[in-house]
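Some notes on the structure that comes next.
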Amino acid sequence: MNIKSAEFVDRVKIFVKAGDGGNGCVSFRREKYVPKGGPDGGDGGDGGFVFLRANPSLSTLIEFVNKRKFFAENGKHGMGKKMKGRNGRDLYIDVPVGTVVKDASTGQIIADLDEPGKVVCVARGGRGGRGNAHFSTPTRQAPLIAEKGEKGEARWLELELKILADVGLVGYPNVGKSSLIARISNARPKIANYPFTTLVPNLGVVKYGDFSFVVADIPGLIEGASEGVGLGNVFLRHVERCFVIVHMLDVSGFEREDPARDYFIIREEMKKYSPFLLEKPEIVVANKIDLLEREKLPQRIKEIESSIGKEVIPISAVTGEGVDLLLDRVASIVRKERIEREERKEKKDHPMEKPAPVWRKLPERFEVEVVKEEDGQWVVEGEGLRVWMERFDLNQRDARLLILQILEKNGLEEKLKEAGVKEGDVVRIGNFEFEYRE
């Protein structure tokens, strides 16, 4: 279950774009012996949605290094005979379990995909536009108007992988974390006597009787880690998911002279990164007791316990002494935390419902602006007007009439006069131009 450094990527940015809705159709029924067929333009199909899905077979975000942009399918346009266009296919993007999804522009967390199969919608498709069959009235029996489909949502996302491990091993480099994980699990990490031997989190599955749990060796913690010194700020996020923290100290005195000082430095770095980390259950272990004279061990452990105010379990990752006691303590905490997690999950667990497609309500009231451009042409603008123009095609006669009616209701005539528009001046609305007549 080791993660090779060449393949381990735990933070990326991706762009997602949902499909646009298909346009409604302008069509009229034309059949022999049906002289008054009437409008039969069908609706456009909805655009495809974009979902992220937690896949337990993935362990890294490496797939997103070379492919960062993802697009769902657009809805198909409506057709005659009131035939609705096909909806665009939804796009499912698989990510590792434990991926936190954030809006890249705001930093807001959208979802935490912390369970296999968990799904979140990150971009909604646009609703398909209505065909002209919807616009028939007693006074407009042959409507030359249909709606354009809504644009699908688009956004940049930040994906941040937080490893799902039950136990996090923390401590200064070379205190023996990799040696311990190699002894108690199936992991075979690289072990050497120099700082930052471990460059990525090592994961190991520990089988303890009929119980099993996952342990993660969190690399690179030194003073200043929370601010980017060493590798700690890169990997501290992986501690956040652990049920229990095993804080390892070097008690031999050969490399680390003051284990108590080391303990407080690491705890301070964890606090700076997230005070929440200090609330997690913690087991403190003193490693490398095989390198210490036996008669000095009890006094050494007592001094450390007195300094940090916590019980310390003496172990040797090399010989295995004390490891069974450590595993018994760890397994007890993990069992308890898993039960509590399942109880919390049952209370809030509910299936995800697919949200409605994007469909903006057309504003009835809005501000109208008349602006004179450098070429002397007058342009009608307004946020509400923009929504109407995005919904309808001004090349369609009835669409132009409808928008002009809405503009009249919102004071277009008065705005034109206030701006100084004179008879014969050219006024533009979108891509449509007309001469002003009083």
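Each residue, glycine too, has its Cβ placed from N, Cα and C.
As recorded in Swiss-Prot, the features of this protein are as follows:
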type: BINDING; residues: 171-178, 196-200, 217-220, 287-290, 316-318; note: GTP binding site
type: BINDING; residues: Ser178, Thr198; note: Mg(2+) binding site
type: DOMAIN; residues: 6-164; note: domain 'Obg'
type: DOMAIN; residues: 165-335; note: domain 'OBG-type G'
type: DOMAIN; residues: 358-438; note: domain 'OCT'
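According to DSSP, Lys177 (GTP binding site) is assigned to a helical segment.
A C-beta separation below 8 Å, combined with a sequence spacing of at least six in one chain, links Ser316 (GTP binding site) to Asn287, Lys288, Ile289, Asp290, Gly322, Val323.
Figure note: comparing Cβ neighbours within 10 Å for the binding-site residues Asn174, Ser178, the maximum is reached by Ser178.
Cα to Cα, Pro219 (GTP binding site) and Ser178 (Mg(2+) binding site) are separated by 9 Å. Note on Lys177 (GTP binding site): other Cβ atoms within 10 Å of its Cβ, all shown chains, come to 29. For Gly171 (GTP binding site), the number of other Cβ atoms no farther than 10 Å from its own Cβ, over all displayed protein chains, is 26. Cβ neighbour count for Pro219 (GTP binding site) (all protein chains, 10 Å cutoff from its Cβ): 24. Confidence for the domain 'Obg' (6-164), expressed as mean pLDDT, is 92.
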